Each structure stands twice: as structure tokens, then as C-alpha cells.
Amino acid sequence: NKSKKRRNRVSFLGVATVEPPKPIPLTWKTEKPVWVNQWPLPKQKLEALHLLANEQLEKGHIEPSFSPWNSPVFVIQKKSGKWRMLTDLRAVNAVNAVIQPMGPLQPGLPSLAMIPKDWPLIIIDLKDCFFTIPLAEQDCEKFAFTIPAINNKEPATRFQWKVLPQGMLNSPTICQTFVGRALQPVREKFSDCYIIHYIDDILCAAETKDKLIDCYTFLQAEVANAGLAIASDKIQTSTPFHYLGMQIENRKIKPPKIEIRKDTLKTLNDFQKLLGDINWIRPTLGIPTYAMSNLFSILRGDSDLNSKRMLTPEATKEIKLVEEKIQSAQINRIDPLATLQLLIFATAHSPTGIIIQNTDLVEWSFLPHSTVKTFTLYLDQMATLIGQTRLRIIKLCGNDPDKIVVPLTKEQVRQAFINSGAWQIGLANFVGIIDNHYPKTKIFQFLKMTTWILPKITRREPLENALTVFTDGSSNGKAAYTGPKERVIKTQYQSAQRAELVAVITVLQDFDQPINIISDSAYVVQATRDVETALIKYSMDDQLNQLFNLLQQTVRKRNFPFYITHIRAHTNLPGPLTKANEQADLLVSSALIKAQELHALTHVNVAGLKNKFDVTWKQAKDIVQHCTQCQVLHLPTQEAGVNPRGLCPNALWQMDVTHVSSFGRLSYIHVTVDTYSHFIWATCQTGESTSHVKKHLLSCFAVMGVPEKIKTDNGPGYCSKAFQKFLSQWKISHTTGIPYNSQGQAIVERTNRTLKTQLVKQKEGGDSKECTTPQMQLNLALYTLNFLNIYRNQTTTSAEQHLTGKKNSPHEGKLIWWKDNKNKTWEIGKVITWGRGFACVSPGENQLPVWIPTRHLKFYNEPIGDAKKSTSAETETPQSSTVDSQDEQNGDVRRTDEVAIHQESRAADLGTTKEADAVSYKISREHKGDTNPREYAACSLDDCINGGKSPYACRSSCS
């Protein structure tokens with residue numbers, strides 16, 4: 001025999017010796033020693049540990065060690081009174097840090113039902129299998145341990161394992177490999193025998209007793225040649241056999257006779273272990289999923305393993321059923337010459353599968369109690385079970401079942417292949433027979449069946465000569481339907497989908513006749529279509545559970561069919577369906593709801609919401625304040641600095657390039673802002689060279705028009721000759737700011753931040769799922785900033801200002817005193833435009849406008865027609881007393897305007913310091929006589945959450 005020649009050697013005395021098995025080396029992720037200190041042990045256990053260590057030392061299983069590795073060791077006492085030594089290898093077993101796992105070689109127990117019936121058996125157990133398999137020499141030091149001394153009165157004794165230590169991560173895999181190698185010659189020589197090997201337990205079956213004896217004799221020799229030993233006291237040769245926890249008879253397989261202790265079931269961990277054990281033997285017991293629903297329900301709730309659980313009366317009955325099945329259940333050993341069949345039963349909750357041979361039960365098959373999808377159609381469950389059990393049969397015997405029996409007619413099977421993707425997958429490549437005739441036997445009669453396999457009430461096509469009803473729901477809790485009659489239902493739900501679900505349930509209850517239902521909620525439509533035959537997944541949301549269960553009960557109680565379909569809401573499509581859906585929408589919608597929806601989509605600011613919808617300032621502020629993204633991203637702003645602005649649209653643009661890394665290749669965002677209207681346009685580019693700038697400007701021209709002047713920084717893309725030539729072709733003048741000074745581009749720099757903030761809001765808190773590309777995201781942000789948002793000191797959007805040239809400032813066109821810092825004199829001028837702490841002043845005819853801080857302005861107190869340029873007296877600052885007297889004479893509010901200039905100037909001063917809180921004040925006194933300006937302080941933030949018209953408290957809420 002070649003295998004014997006390979007293993008045996010002849011010594012010089014002529015005696016055959018056994019060559020020791022070659023060890024399998026382990027793979028380590030680190031060579032850094034792992035040392036876990038040994039904990040103290042009681043004297044009794046310490047003495048037992050010394051005895052066990054000496055015993056292992058004599059057998060050659062351990063050796064003295066000076067290894068830098070250490071794992072704790074301890075002993076436990078068996079029922080027989082003997083002690084057992086164990087090593088705590090948890091630190092060494094750390095998969096992600098220390099040892100490389102080998103992976104399982106037998107992922108699951110073998111099925112004992114596949115042992116041919118009436119064949120004689122013999123079962124053996126290998127003695128101390130781990131201790132007969134050596135470790136690789138380089139791996140021994142990793143499994144060192146220490147035996148401590150009491151009171152440290154002497155040095156501790158240290159050893160290391162030379163054989164597979166129990167508890168090591170890869171010990172079972174190595175053991176299976178060694179035993180598998182030893183059995184391979186036996187399998188090759190006795191290929192007609194049925195041999196099962198699991199870890200160190202071996203079962204042999206043969207058609208005759210003589211062949212079994214021959215096989216066993218050869219197996220003994222091969223095992224001995226491999227250095228393994230058979231435990232003589234554990235050899236089984238007669239029935240009943242006990243193997244892998246089961247009892248084996250000549251034709252039957254029975255589960256172990258156990259009793260479930262209910263007094264120990266107190267925590268989630270206790271019930272988890274119990275149900276794990278029951279699931280392990282369910283293929284033998286045949287307990288359908290519906291018969292364990294209450295036990296599975298106990299696992300719901302708190303995921304803490306120590307959380308308290310209580311055995312309900314219903315669950316107690318189910319445990320009693322399990323105990324009865326344990327006492328009576330059995331499966332059959334197969335006939336190796338006959339084929340297997342699969343039966344699918346339409347049981348309650350979910351279908352049940354049974355593998356049979358003729359009329360003999362081989363194994364039960366079940367689906368999990370919990371599903372992944374909220375609704376799983378019963379037909380889809382059947383298809384999943386068929387696919388799952390087909391794979392199981394192939395795993396058991398290597399072949400597909402010969403026949404599959406299902407509770408469907410031939411026509412229903414044909415329709416299932418046409419309409420159900422799950423059915424097509426479950427029966428893919430099946431070449432056997434699909435039948436609906438079940439074998440006549442009593443073993444299946446206890447199963448509780450369901451009739452809800454295929455829809456009976458729900459239709460997939462519109463019904464003729466039936467009523468048409470439109471439904472709608474709103475997040476304000478209103479549900480409604482319209483059709484032959486209208487009805488509005490006030491619900492407790494703050495979800496539009498749940499309100500719509502209530503509307504559909506109400507329609508199904510109110511109309512006891514065939515109906516067609518049209519809803520604008522795709523979610524509700526799909527749920528209603530599937531619910532009739534679906535298994536509803538349990539949800540922690542009790543309200544949702546109640547709604548879905550009520551919907552299913554309502555559908556199943558109906559006597560007349562219905563059809564439900566989806567229609568898109570808020571479209572401009574013509575036709576009666578759109579109009580009828582709008583009518584249903586009007587029953588539940590309001591301006592507030594629409595404002596909330598727009599903000600969720602675009603994150604428009606308060607003033608923009610107030611301008612677009614008929615809502616109050618408080619309602620608009622509440623919408624923005626309840627938006628998580630707008631609160632997180634609403635950062636304090638700083639004044640933009642001294643930057644001359646255009647006096648009309650397209651007079652002066654500022655342009656810059658910013659970066660958005662999430663856009664990938666298109667991360668270069670070219671931004672242009674009109675300094676008069678604040679209209680913004682931006683494009684995504686792959687760079688910032690001159691060609692990219694030109695491409696961006698052409699896009700700006702198409703949207704904004706052509707400017708007179710553009711201001712940029714000193715970047716190479718803006719200073720190139722090609723760019724200057726491009727501007728000259730379009731008759732555009734070009735200026736640049738001071739190099740390395742971002743304040744020269746303060747307006748566009750502020751715009752960059754505003755644009756990025758809007759992008760983040762829409763990405764992390766937006767409801768739009770269609771903006772997938774960078775340019776689409778950018779366009780949505782630009783739409784919000786230009787056409788929806790209204791900024792402080794404005795009454796119109798930037799787009800309206802840019803297209804119409806409409807002015808916002810109430811001070812424009814008024815005569816003022818302005819201070820000339822060069823001459824230190826006060827001059828008379830006229831305000832051209834006003835904003836952000838600065839004003840553009842016209843000194844006189846044929847003179848260029850001047851930009852000055854508003855703190856250098858005072859309103860002129862004489863009639864406009866009498867205004868003349870000052871002489872010596874005019875170089876003095878106008879006195880407030882004059883203003884007061886003129887105020888009293890004319891009855892106007894110019895004094896207020898003067899205070900406004902001082903307040904805004906003061907805010908502008910603060911804006912230039914580190915202590916500036918980015919809030920400027922503007923007084924807008926409503927009637928003469930008010931002396932408390934703080935009551936009318938307005939916020940200066942461009943995207944003020946209070947719309948710039950709130951009380952003084954706005955300052956803290958916006959900051």
C-alpha cells in the first residue's frame with residue numbers, strides 16, 4: 001500500500017515506526033508579543049493545575065518556556081470530579097490584530113437523513129484528537145502560559161504548548177484537515193461506503209456488515225498510521241446510535257429527548273439561546289414559522305442582552321408544542337436509489353417546505369420569521385422558499401429535486417412565470433416536474449393553511465364601469481378624497497404618506513362597489529397593491545403597524561374588486577385626471593404646507609418664503625428655524641468691506657474661482673456677481689485657465705447680459721493676454737484688486753461662501769433626489785439665491801433687481817452732508833445708492849461718484865430747493881439741534897434717518913475689527929416720538945432667519 005509506505009519507516013531493529021504528522025504553520029498578522037497577565041488561582045485549583053501540567057509535560061504536549069508571549073490558564077471541574085485545564089486565548093485569537101483565521105472547512109452539520117436506510121453503522125470517536133496534532137515549531141512560543149506561585153514565594157513556572165491548544169481559533173480547522181487526510185485512503189478504497197467525518201467524530205455505513213467490518217479494519221490502520229488514536233470506550237456498533245446530538249435507528253432519525261427549563265428564561269440572552277437551539281432542530285421537528293410567532297416576538301425591543309423578558313401565555317403554549325414535537329418528531333433515512341421531491345404548503349404567515357422521498361419525510365424547510373422588505377408577497381415567499389430548498393437538496397445529494405409540488409393551478413403557475421421575477425429566479429434552470437397533486441399521507445394534516453396566496457380583490461388593470469376616486473394627504477394631518485362625493489378626514493398623523501394611507505383606507509370602507517383609486521403617493525399605491533397577500537414586516541412604529549394591519553383587514557373584507565394607480569402631483573399636464581387630483585390636493589394643502597415643501601427642496605430664506613407665499617413672518621421664521629441644516633450652517637457674517645458697487649445692473653461685476661472638492665473633476669467653480677443687483681451666476685469647470693474663464697463668461701453673458709466693467713483678482717487666468725483680448729472684443733473694461741488682498745474682492749468672496757453654504761444645505765438637508773450632477777446641484781443653489789431669497793435692505797429678489805433695475809433703498813435720491821476726508825470739510829451731495837454700511841454719493845454735476853462710509857453722512861435739513869454749497873459755516877458739522885427744530889417744523893422723520901446713519905456707521909466700524917459680531921443696526925422708526933431704537937433694530941445678515949424685520953433679539957438668534 002502506497003499510503004503505508006509513505007507513513008511507515010523501518011528502524012535499525014526492524015520494527016515499523018509511525019512517522020509523526022507534518023504540522024501546519026499558522027499565519028500571524030504581527031510578531032509583537034501578546035502578554036496577558038495570569039490571574040491568581042485558589043489553592044485547590046492551583047494544585048490541580050500543577051498535576052495536569054505535569055501530566056501534559058510527561059506526555060510531551062507541553063515544554064518549559066521563556067516566551068515573551070503569555071495567555072492566562074485556569075481549570076474547571078467536570079461532573080465526574082476530574083479537572084480539565086483550559087487556556088484563555090481570546091487575546092491571541094483577535095482576528096483583526098494577531099492571528100490570521102483559516103476559515104471553516106465544514107460550514108454546517110451534515111444531515112443524518114442522507115445515511116442509507118437499513119445499512120449497518122459503526123461510530124467512533126478519536127481520543128484527545130487535538131493533543132495528537134503537533135504545532136509548528138515557530139508557533140509554539142505564541143501559546144505560552146504561566147502557573148503562579150502563592151504569595152510569589154517562588155518563581156512562577158512557565159510552559160508552552162507543542163500540540164493544538166483547545167480554544168485556539170484555528171484548532172478545529174487544523175484538526176479537520178489532519179483527520180480528513182487520514183480518512184482519504186479509506187474513502188478511495190471503500191467508495192461505496194457512506195462515511196461522515198465531523199471534527200473528531202466518524203460514522204461509517206455500508207450495505208452489508210462484512211463490508212462495514214472491512215472498512216472499519218482498514219480505517220483503524222490508517223488512523224493509527226496518522227498518529228491518531230481511537231477511543232475504545234466510545235465505539236458504537238448497535239442501535240440506537242447517538243451522533244451529533246441525534247438518535248439514529250435503522251430507518252429513523254430522532255431528536256434528543258430534552259426538557260426546556262422555563263424558569264431560567266428571564267433575559268433577552270436566555271431567549272436568544274433557546275430559540276437558537278430550537279432553530280437548530282426545526283428541520284427535524286417540523287414546527288412551522290407561524291407556530292412560533294409569539295416566541296419570536298419576545299426578541300423584539302431593547303437589544304441589550306441583559307434586558308428583561310417575560311414568557312407570555314401564548315409563548316408558553318408554543319414551548320409546550322416544541323416539547324411535544326421533541327418527544328414525537330422523527331425523519332427518515334433515505335433510499336439511495338430513489339429521488340427526492342419538494343412539497344410547498346401554503347401555511348399561515350409564510351409557506352412551509354418539506355423534502356420527501358416517496359411518502360417518507362426527509363427534512364422540513366422554513367423561511368425566517370422576519371423579512372427584509374416591509375411587504376413581501378406570498379407568491380414571492382413561495383419562490384424564495386423553493387429556491388432556498390432547491391439549494392439545500394443539491395447540497396444534500398448533489399441533485400435537483402425530481403418534482404416540486406405547489407398549491408397553484410397550471411394557469412397560475414404560467415402567470416407566475418410571466419409576472420413574478422422572484423418566481424423566475426426561484427425556478428431558474430429547473431427541468432423537473434411542477435405539479436399540484438400532494439401525496440396522500442396524514443403527516444401533513446396538522447399544518448394550518450391560508451387562502452391568501454394570490455390576489456382576489458386587488459386588480460392589476462383598471463376596472464370598467466367603476467367609480468373613480470382621487471385621494472390626497474398632507475403633513476398637517478388632513479386626509480381627503482374626491483369623486484362622486486368629497487370627504488376630509490382629520491388624522492393624528494404628521495406625515496403626508498400616513499394621511500394618504502388613511503384616505504385610501506377610508507375610500508375602501510366607504511365605497512362598497514367596484515372602484516378605481518388614483519393617488520399621488522407612489523408609496524401608498526405600492527403598499528395597497530401588495531397588502532392583500534403580503535407578509536407585513538413588524539416595525540417598532542406602532543402607528544405604522546396599526547395602519548398596515550388595518551389596510552390589510554379592510555382589503556380582505558371587501559366584497560368588490562378595486563384598482564389603484566399613481567399620478568404625479570403638481571404637473572401642468574392637461575386633462576381631467578390632473579384637475580381632479582388638484583381638487584383633492586386643495587382639500588388638504590395650504591400655503592404653509594407649500595412653503596415647507598419649497599424650503600425642504602431649496603432652503604430659501606425667511607424673506608423669500610414670505611414674499612412667495614401668503615404666510616406670516618413668524619410662520620416663515622418657524623420653517624427656517626426648524627430646518628436642521630439651516631440652523632447648523634447659519635453662521636455669523638461680516639461686512640463685505642469698502643467695495644465700489646455698480647449703480648445699475650451690469651455696471652460692475654466681480655469674478656472669482658472657488659473650489660468644491662465633492663464635485664470631483666468639476667471642482668473649479670467660477671463665480672460672477674453683479675455688484676448692483678447681487679445676481680449670481682456660476683459654472684463648474686475642470687480648471688481655472690483663461691479658456692475656462694472665457695467659457696464661464698460666455699455662460700454669464702447668456703444669463704446676465706454683458707457688463708461694462710469686471711473686477712477680478714490677479715490670477716494668471718485673468719491677467720493673460722488672451723483674456724484681455726477677449727474682453728476688448730466685448731468692450732469690457734477690466735480692473736484687478738491689490739495682490740494677495742482678498743478684501744479687494746470682498747463682494748465675490750462673500751458670494752463664494754454664500755454659494756457653498758447653500759450647496760451644503762441642499763446636499764445634506766434637501767428633499768431633491770434628482771440633482772445628481774455637480775451642475776444640477778449648482779443650478780438649484782443659484783435658483784434659490786437669485787429667484788427666491790430676499791436679502792436685507794431689499795424688497796425684491798436679486799433676479800428682479802437685475803432684470804428691472806428696481807431700487808430698494810429708501811434713502812436714494814436724498815440730499816445729504818458728506819465729509820471729504822482729504823479736505824476735512826463737509827460738502828453737500830446726493831445719495832445714489834446705499835447699503836452694507838457704505839453709500840455712493842454724487843458730489844455734483846459732471847463729477848464722479850464717491851463711495852464713503854455712512855458714518856461720514858448727515859441728512860441735509862433745509863428744503864432741497866434752497867440747498868447751496870457751504871462756505872465757512874458749511875465746513876462745520878451740522879448740529880443735531882437744527883435737525884430737531886427742522887423735525888418739529890416739518891413733522892417728518894429725518895432725525896430718525898440721521899440716527900440710522902450713525903448706527904449703521906458704528907456697525908461698519910465694528911465690522912472692521914476682530915470683535916465685530918457681524919451685525920449692523922438700521923433704525924426704521926414707525927412713528928414719531930419713539931425713543932428706543934433697539935426695539936426696531938433690524939438684522940444685517942443676508943440670509944437672516946427672521947427676515948431682517950425682527951426685534952432686537954434677532955441678533956442673538958442669528959448669531
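Placed from the backbone N, Cα and C atoms, the Cβ positions cover glycine too.
Together with E500, D520, the Mg(2+) 1 site in Swiss-Prot holds one more listed residue from D435, D472, D541, D542, which is D472.
When the ranges 198-201, 214-217, 682-685 are checked against Swiss-Prot, the one recorded as motif 'YXDD' is 198-201. E500 (Mg(2+) 1 binding site) and H603 (Zn(2+) binding site) are 25 Å apart (CA-CA, integer value). Proximity note: of the listed binding-site residues (D472, H599, C627), D472 have a CA within 10 Å of the CA of E500 (Mg(2+) 1 binding site), given in sequence order.
Here the domain 'RNase H type-1' (463-593) is broken down by DSSP into helix, strand and coil counts: 56 helix, 29 strand, 46 coil. Summarising the environment of C630 (Zn(2+) binding site), the number of other Cβ atoms within 10 Å of its Cβ, over all protein chains shown, is 21.
This prediction places the mean pLDDT of the DNA-binding region (814-862) at 77. When the binding-site residues D472, H599, C627, C630 are screened for a Cα within 10 A of the Cα of D520 (Mg(2+) 1 binding site), the ones that qualify are D472. Using CA atoms as reference points, the binding-site residues H599, C627, C630 were checked against D472 (Mg(2+) 2 binding site), and the closest is H599.
Across the DNA-binding region (814-862), the DSSP tally of helix, strand and coil residues reads 3 helix, 29 strand, 17 coil.
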